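Student: Feature list, courtesy of TrEMBL:
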DOMAIN    A:194-446  domain 'Membrane transport protein MMPL'
DOMAIN    A:658-825  domain 'Membrane transport protein MMPL'
TRANSMEM  A:27-45  transmembrane segment
TRANSMEM  A:242-261  transmembrane segment
TRANSMEM  A:267-289  transmembrane segment
TRANSMEM  A:355-378  transmembrane segment
TRANSMEM  A:384-409  transmembrane segment
TRANSMEM  A:439-459  transmembrane segment
TRANSMEM  A:677-694  transmembrane segment
TRANSMEM  A:699-718  transmembrane segment
TRANSMEM  A:730-749  transmembrane segment
TRANSMEM  A:769-792  transmembrane segment
TRANSMEM  A:804-828  transmembrane segment
Amino acid sequence: MAGSIKAVDNPSAFHRFAERVIFGNRMAVLILFALITAAMGFFASQLRVDAGFKKQIPLAHEYMRTFLDYEREFGGANRILIAVMDKNGDMFNLPFLQTMEKITQDVKTIDNVDEARIRSIFTPNVRFVEVVEDGFAGGNVIPQEFTPNIEGFEATSEQFATIRANIEKANIVGRLVAKDFSGAMVWAELVPEGGAGQVKLDYQKVAAQLEAIRAKYENDTTTVHIIGFAKMVGDISDGARSVILFFFVTIAFTWILLFLYSSSVKLATLTVFCALVAVLWMLGALRLLGFGIDPMNMLTPFLIFAIAVSHGEQMINRFRGEIFFGGLEEGTVDELRGRRGVDAQTAARLAFRMLLVPGAVALIAGCIGFATILIIPIQIIYELAITATVGVAITILTDLVLLPVLLSYCKLRNLERKREYRLRQLTQFDKIWSFLARFSRPIPAAIIILIGLAVWFAAKQYGHRVMIGDAEKGVAELRPEARYNKDAVLISEKFALGVDMLNVIAEAQPSACTTSYPVMETMDRFAWHMRNVEGVEQVMTLPMAAKIVNAGWNEGNLRWRALPRDPDTLRMATQGFETDSGLLNSDCSAMPIMMFLSDHRATTIDRVVAAVKDFREKNGTWSGGNVNLAVQIAEEAKAAAEKGEEFHSDKVNLRLATGNVGVLAAINDKVREVDAVMLYLLYGAVFLMCLLSFRNPLAALCIVLPLVLVTELGHALMVKLDIGLKVNTLTVVALGVGIGVDYAIYIFARMRESMQNGAKLTEAYFGALKTTGIAIFYTALTLAVGVAMWIFSELKFQADMGLMLTFMFVVNMFAALIFLPALCRWLLRPFEK
Amino acid sequence: MLGALCLAVAGTAAAQEKAADAAAAAPPAAVAWPEPSTSAAEKVPLATQSLLLDYVESGKRAIAVGENGVVLLSDDRTQWRQAAQVPTRATLTAVAAAGDKVWAVGRDGVIIASSDGGENWTLQRKDPWQPPGADSAADDARHGAPLLDVLFTDETHGIAVGAYSLFLETSDGGATWTQRQILAAATPAADAKPAGGDGKESWTFSKEELKIGDEDEPHFNAIARTSDGSLLIAAERGSIMRSRDAGKTWQRGKLPYDGSMFGAIGFDGQRAMVFGLRGHAFETDDLGDTWREVPTATELSLLGGAKLANGGAAIVGANGLVLLRRSANEAFKAGTVQPAGALAAILPIEGGAAFVVAGENGIARYQPKQ
């Protein structure tokens with residue numbers, strides 16, 4: 001039987017060439033690898049952690065164009081909220097107000113904070129207005145004579161009462177001051193990334209500065225709670241560092257598994273070594289591509305390590321077969337015992353010859369798996385996809401070139417004992433293999449296919465409910481008990497407004513807020529309409545503020561809380577608002593309608609976004625995708641002015657969306673859009689690769705169909721575990737498929753060889769299981785152990801990904817072992833007995 | 001090969017992107033801006049939390065009106081539902097009932113009427129502001145002025161008052177409304193100098209400066225009727241209008257205070273009370289010949305009120321303030337409704353044991369401390 005394989009007996013021209021190049025220059029190959037490894041090691045050492053807000057955003061999306069148009073005027077979604085709480089529940093005491101003033105000052109010193117947008121009771125842009133007999137009176141919330149941090153200052157209870165009254169008049173309860181006056185907040189915003197100044201924000205530094213503020217002011221009486229993207233990135237980066245520890249644990253586990261499998265320190269070490277080389281190269285390549293390590297992307301090295309080990313295992317498996325028995329490990333124990341092994345170099349050469357094609361096919365299929373993720377037009381995903389694709393491509397070199405060359409130098413000690421161990425290993429599972437082999441008989445195969453169909457259908461129904469975006473409140477990347485999420489909960493409890501904000505920008509003609517009642521009325525009506533949508537907790541917009549001012553001009557009479565129609569009175573109601581109020585831009589041609597949402601769950605976002613779209617459709621207040629009506633009208637007005645014509649327009653364009661929820665809505669949209677497309681592309685690519693290598697569409701189908709089943713099961717699991725389908729998890733599915741396909745390809749390649757030699761399907765399957773079954777089992781185990789470690793990560797999204805990937809790897813293995821033979825029976829050999 | 005495949009995938013992504021853009025770029029059909037005064041009110045789940053400005057009772061039913069043409073109905077004073085059909089979205093500032101009929105008035109000069117207990121309404125009048133020149137009426141300061149209160153003495157006779165001394169009357173249940181200049185006939189009172197600044201930073205213009213020339217046409221903020229049929233209008237900046245002949249002739253009076261009065265309550269005989277800016281309230285026993293200040297112990301503006309039995313009164317104002325006196329000679333006791341938004345109206349329920357209030361946060365229940 002040995003040497004009966006076509007590729008081994010009659011290597012193709014390609015095989016001969018590849019073999020001659022590699023095995024003819026073994027030393028040169030090793031030196032070359034050593035040099036590249038040294039260079040890549042150097043580059044890898046220069047890698048820096050690199051997180052960015054815009055990296056996570058699909059910048060071409062309609063909503064995000066709005067976001068980019070207005071991030072300078074209204075700030076982006078890059079807000080930081082610092083809540084300072086008094087432990088006794090009363091903020092009106094001197095130490096608290098001292099702390100509050102100091103923190104407000106300290107926030108100004110944080111890198112890249114937009115000083116003009118800092119708001120707290122101590123900043124001059126927070127004012128109160130009250131009605132007196134002869135008009136309005138206004139001032140800062142903290143009276144000028146109240147100077148808590150000046151030596152010798154004594155606060156009186158009257159002063160506290162004044163401050164409290166001013167806070168109520170300024171209408172900031174629930175926003176800058178806790179509803180129960182137990183604390184107050186500082187709002188800050190970071191300057192936008194990129195743009196003309198090419199601002200590159202160092203989020204970790206900002207996060208560290210924020211943490212320093214917390215450390216400085218948190219004490220027995222005061223607590224400090226910080227939320228915002230910058231803080232989140234900082235916390236995620238910190239959490240991601242724990243991954244490095246996991247990495248070492250994973251290496252140790254993998255080595256132990258490999259040792260148990262091969263009973264050889266050398267083989268186990270070589271496999272791990274080659275995998276580490278692949279990881280090092282990948283990290284070097286990242287640096288060369290100009291990327292950094294993104295905290296969201298920390299897991300890719302793991303993945304590459306796991307993939308490299310699993311393919312290395314196949315190589316080791318084949319190598320041992322040759323070195324122990326001089327060929328495939330088929331036949332009975334006695335038969336095998338009688339066979340002679342070959343020397344290490346020949347064994348390595350034969351293993352190389354045998355695995356070059358299936359190994360490369362499997363890896364390229366995986367590579368395509370990752371490359372399909374590229375269709376998500378989000379920078380961070382590009383980086384992930386490219387990183388993973390490059391990593392897998394590198395694995396082809398390390399596992400299919402470096403490893404066999406190293407093996408060819410490998411002299412195994414105690415060869416005889418190892419041979420016996422292997423023989424035991426081979427027969428150990430015979431009962432399982434023969435049981436599995438029965439699945440390829442017609443009737444069990446038919447039953448299995450029916451079961452598969454039923455499971456697929458059920459999973460599809462259940463998996464349909466998978467939620468796009470976040471399924472839970474808080475930051476899904478972090479665990480619910482993480483400080484950040486606890487802070488977020490506290491802030492949303494103590495203050496009326498959470499951080500979840502969706503802003504629609506109303507665009508109109510210049511000075512619309514003083515000249516166009518229809519524009520203002522439409523905005524007001526829209527705001528009220530949206531306030532009535534479930535999930536919208538509060539709405540803030542210029543017309544609402546203008547109505548209050550109009551009542552103010554009318555002595556605070558509530559019956560005047562309406563928008564005046566004539567431009568003179570309208571102007572009086574709106575001219576008092578400065579751009580730093582965030583309610584209008586400098587020429588009042590763009591005004592946000594700010595909606596504070598109860599949470600950022602996908603169902604909430606979908607409901608609110610749908611309500612916005614419905615309103616603007618019905619009211620003709622939308623100019624179409626990516627139209628900036630403010631710019632368009634300003635040009636029309638200019639043209640009219642040049643001709644000396646009067647120009648007036650009451651058109652209004654309600655554009656989605658800025659604010660963090662606007663960003664999430666855009667991301668969810670993209671995920672939804674690409675979810676199905678990506679999977680079909682993925683299946684298509686795998687199908688094509690299998691078709692190319694096995695020249696049989698039905699065979700390709702045998703490999704792809706189990707993947708489809710497992711992917712649906714993956715979706716069902718996500719529903720079960722309340723994991724939302726978002727950018728992170730979407731990639732998991734692609735990664736799972738990319739790796740899951742390996743098992744089926746290795747098994748099918750072996751079966752095909754046997755069948756081409758005249759073996760019947762059941763025999764071929766039994767043979768494939770016997771020779772590669774253990775390797776596949778160990779591979780799945782290795783991969784699963786590697787990713788299962790993530791479940792203990794401090795970061796929830798890593799834990800979720802770990803769980804999902806473990807599931808995908810294990811279930812893909814079983815699907816390959818059970819459904820592949822059943823499908824082969826009915827698709828390839830329906831009439832064979 | 002690998003590179004080519006990756007490129008192919010990326011290419012597909014780019015193509016998709018373009019297709020998506022093309023689909024999104026289709027401009028929607030133009031829809032004209034709907035005139036709010038004649039557009040139907042939207043029925044919304046949070047109507048009870050919107051700005052509500054007045055209450056009235058018609059038969060067993062209580063009716064509340066407010067912003068966005070919201071009309072709320074309740075038979076038990078606990079559950080409120082929005083009226084079936086309201087033909088305007090203008091802010092409704094006041095509501096009145098007589099017999100089986102109900103009228104509500106508001107911004108843009110709208111008057112709507114219902115003869116089925118507030119379920120369905122018809123538009124009787126509207127006068128939204130138009131730019132000068134578009135209409136000859138545009139030159140009148142009262143054009144487009146909001147109506148601020150309404151009073152019906154029976155199913156046919158009613159008066160609506162509003163900004164800039166706008167005075168409308170009907171004698172056919174609102175089928176026709178006639179505007180009347182009641183100030184011209186009245187004796188003008190000497191306008192006292194308004195109170196000076198209180199040392200706080202003031203805005204550039206005071207109301208005084210902006211309203212030069214308008215002062216002979218003070219806003220008519222509220223109208224009340226005493227038991228003998230006399231009428232009293234509480235107006236802007238200490239002005240008062242009164243009529244002892246059911247509105248045929250009017251006299252202008254002046255309070256011993258220059259601030260505006262936002263509400264008026266008529267009691268027995270010629271007894272009446274007005275209240276308004278910064279906690280000021282005044283009471284008269286002779287329809288305004290003489291006034292005495294009622295102590296309220298507050299500087300918060302008083303925006304609305306209701307008559308209670310035995311000359312008692314309930315008055316509401318800014319910051320959730322509720323003032324209550326159970327009889328004519330009692331002093332007012334203050335309470336607060338939380339959340340402390342401005343209140344504009346109050347309605348006694350459960351025989352006066354409790355109240356419902358209305359204001360910027362909508363409807364709330366107020367249970368006075370005994």
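Indices start at 1 and increase along the chain as displayed.
Cβ atoms here come from the backbone N, Cα and C positions, even for glycine.
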Student: Averaging the per-residue pLDDT over the domain 'Membrane transport protein MMPL' (A:194-446), what integer do you get?
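Tutor: A mean pLDDT of 84 is what the model gives the domain 'Membrane transport protein MMPL' (A:194-446).
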Student: For the transmembrane segment (A:439-459), could you work out the same-chain residues 6 or more beyond its ends whose Cβ comes under 8 Å from its Cβ atoms?
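Tutor: Distal contacts: 705-706, 708-709, 712-713, 715-716, 761-762, 765, 818-819, 821-826, 830.
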Student: Answer with yes or no whether the transmembrane segment (A:730-749) touches the transmembrane segment (A:355-378) by the criterion of at least three Cβ pairs under 8 A, sequence separation 6 or more.
Tutor: yes
Student: Among A:27-45, A:677-694, A:769-792, point out the range having the most Cβ pairs under 8 angstroms from the transmembrane segment (A:242-261).
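Tutor: Stretch with the highest Cβ contact count: A:769-792.
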Student: Tell me if the transmembrane segment (A:384-409) touches the transmembrane segment (A:27-45). I count contact as 3 or more CB pairs below 8 A, with pairs 6 or more residues apart.
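Tutor: Result for the transmembrane segment (A:27-45) with the transmembrane segment (A:384-409) is yes.
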Student: Are there residues at least 6 beyond the ends of the transmembrane segment (A:699-718) whose Cβ is under 8 Å from a Cβ of it, and what are they?
Tutor: 452, 455-456, 458-460, 462-464, 466, 679, 683, 686-688, 690-691, 724-725, 729, 732-733, 736-737, 740-741, 744-745, 748, 752, 804, 807-808, 811-812, 815-816, 819-820, 823-824, 827-828
Student: I need to check the long-range neighbours of the transmembrane segment (A:677-694): which residues 6 or more away from its ends have a CB within less than 8 Å of a CB in the stretch?
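Tutor: The answer is 357-358, 361, 364-365, 368-369, 371-373, 375-376, 700-701, 703-704, 707-708, 711, 730, 733-734, 737-738, 741, 745, 748-749, 752.
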Student: If we skip the immediate neighbours and take only residues 6+ beyond the ends of the transmembrane segment (A:384-409), which ones have a Cβ under 8 Å from one of its Cβ atoms?
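Tutor: Residues packing against the transmembrane segment (A:384-409) from afar: 22-23, 26, 29-30, 33, 267, 270-271, 273-275, 277-279, 281-282, 285-286, 289, 291, 294, 296-297, 300-301, 303-304, 307-308, 311-312, 315-316, 319, 344-345, 347-349, 351-352, 355-356, 359-360, 363-364, 366-367, 370-374, 376, 731, 735, 738.
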